[in-house]
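> Okay, handing you the structure first.
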Amino acid sequence: MRSDRVKAGFERAPHRSLMRATGMTDEDLSRPFIAICNSFNEVIPGHVHLNRVAALIKEEVRKAGGTPVEFNLPGVCDGIAMGHGGMKFSLASRELIADSVETMLSAHAFDAMICIPNCDKIVPGMIMGALRCNIPTIFCSGGPMAAGMAEDGTVLDLNSVFEAVARFKAGKINEEELHSLECRACPGAGSCSGMFTANSMNCLSEVIGLALPGNGSLLATSEERKEFWKQTARRAVEMAKADGPLPRDIVTRDAIDNAFTIDMAMGGSSNTVLHTLAIAREAGVEYDLQRINDISRRTPNICKVAPSSRFHMQDVLRAGGVSAIIHEIARIPGALHLDAMTVSGKTLGETVEGCGIADETVIHPLENAYSRDGGLAILFGNLAEEGAVVKKAGVHPNMMSFRGPAVIFESQEEACEGILAGKVKSGDVVVIRNEGPKGGPGMQEMLAPTSYIMGQGLGAEVALITDGRFSGATHGACIGHISPEAAEGGLIGLLRNGDIIEYSIPDRTLNVCLSEEEIARRRADWKPTYNRVSSSWLSRYRQLATNASKGAVLRRGE
């Protein structure tokens with residue numbers, strides 16, 4: 001066993017003495033050690049129940065013949081961090097989590113690991129750490145939250161409240177109505193109920209092969225979820241005894257292709273591009289944005305979930321879950337690598353046998369796809385020489401191609417103030433810059449400004465571009481991850497108010513209408529602009545972060 005490195009032989013008597021101090025017995029020491037990598041905290045609704053999840057899993061691990069050893073990692077609630085300086089720490093926390101997993105696994109010898117994440121950066125951070133250490137690892141998320149419900153029966157989620165803020169500011173609803181939405185949108189434990197970043201990544205963990213079927217859609221509070229957690233615990237002990245499969249056996253180029261294919265089919269969050277690129281890097285897989293575009297062009301979008309439709313994860317579950325989406329896309333010859341291995345010990349194709357669509361209003365058959373290409377698109381042009389990302393599944397049909405004058409804001413906070421003050425009009429292109437990985441630093445999400453645009457009724461009349469990123473709850477003509485970012489000399493940093501910006505999502509282009517001579521003149525006068533930051537951690541992140549086209553990961557030292 002891998003754990004013999006810290007528990008076998010007379011030389012390890014001191015080590016065993018310390019383990020006995022934690023309550024371990026001779027029997028415990030004789031069994032495989034199963035790391036329970038938990039992200040429980042009382043801050044995030046998606047994580048508030050994970051202490052109970054871990055307790056259930058540990059009990060099942062013991063029954064299966066393993067010795068569970070739990071440790072915890074930090075986690076940021078993007079919703080609570082939204083709209084203020086706390087959001088600068090969100091993406092950076094992914095690297096912190098990956099480093100923490102690596103630290104705990106490297107310092108202590110485990111035979112296998114069960115990861116219990118749920119929300120945005122915690123999922124990819126744990127995957128990245130698992131890939132570095134490459135011991136048998138299985139993921140089981142905390143599960144999605146049920147959708148809320150308004151007094152009139154309207155289905156709600158967190159985004160409903162963000163958009164209600166703008167409606168309240170505009171005088172369209174009163175304070176009592178806003179308070180009612182606030183109290184009803186998030187009814188209990190679980191990751192926010194739409195196809196936002198957390199649920200997108202939990203679905204993709206299943207597709208990549210690191211989690212058992214059901215990981216993405218079984219509701220957090222359901223009895224089925226409890227059985228799923230138990231099943232995961234039993235499988236982890238089997239993997240420990242077999243010493244496999246290992247994360248790097250599973251996360252291959254084929255698995256990353258599969259992830260992006262299903263991402264396109266289900267209209268996942270634009271953040272999945274950042275995170276899956278980062279995961280590929282840790283797996284030693286070279287992967288570029290053009291490959292993602294190629295997958296998008298050949299993959300139909302067959303499922304739209306909030307914020308792109310009225311449906312939520314509970315509806316996806318009712319319709320057959322992620323397995324039904326995989327099964328339907330597998331009808332396209334060559335669309336998926338069905339022989340890719342998963343933690344179940346079966347191939348991806350074997351795990352979805354017989355998993356048809358149960359509700360075709362939620363998951364469409366291929367013949368009735370929302371579009372013939374995928375829910376995400378990568379744009380290129382003079383404004384995005386290294387790429388930009390748009391969640392096209394959430395863009396109004398009138399906004400698939402657009403041309404308009406730039407209204408420039410130097411930060412998210414400035415943009416929020418300007419939008420609420422009425423500085424943005426129909427036909428404008430909002431530009432929010434200096435919010436990239438380096439410029440922010442931290443690449444803030446832009447849910448507040450995009451929600452304010454929607455709340456003012458401008459969602460089909462205004463576009464927004466940024467070197468920052470968006471919440472998975474964002475919808476509308478919102479183009480993010482512009483690379484190179486302003487802080488590294490990207491053209492977005494040279495724009496002026498009134499410059500004409502045009503994009504075409506079908507053609508995958510994003511440009512500003514300036515001559516090469518004018519661009520050269522502006523560049524000659526350009527000086528890098530960085531938002532000031534007092535945080536030691538964010539200062540280090542700024543120094544080491546790559547841009548979004550490379551996953552905003554930290555550069556490694558030699």
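Using the three backbone atoms N, Cα and C, a Cβ is placed for every residue, glycine included.
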> D78, D120, K121 bind Mg(2+) according to Swiss-Prot; which of E435, E445, E461 goes with them?
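According to Swiss-Prot, the candidate sharing the Mg(2+) site with D78, D120, K121 is E445.
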> Under 8 Å Cβ to Cβ from D120 (Mg(2+) binding site), same chain, six or more residues apart: give me those in sequence order, or none if nothing qualifies.
V76, D78, S90, F196, T197, A198, M201, N271, G472
> For the binding-site residues C119, C192, which one has the sparsest Cβ surroundings, going by other Cβ atoms within 10 Å?
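C119, out of the binding-site residues C119, C192, has the fewest neighbouring Cβ atoms within 10 Å.
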> Given the Mg(2+) site residues D78, D120, K121, E445, which other residues of that chain have a Cβ within 8 Å of the mean position of their Cβ atoms, reported in sequence order?
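So the additional residues around the site are V76, A81, S90, L91, C119, T197, A198, N271, S471.
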> Looking at the recorded positions K121, E445, S471, whose Cα is closest in space to that of C192 ([2Fe-2S] cluster binding site)?
S471
> Only counting partners 6 or more residues apart, tell me which same-chain residues put their Cβ under 8 Å from the Cβ of E445 (Mg(2+) binding site).
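Those within reach of E445 (Mg(2+) binding site), by Cβ under 8 Å and sequence separation of 6 or more, are D78, M82, M87, S90, N271, G468, R469, F470, S471, T474.
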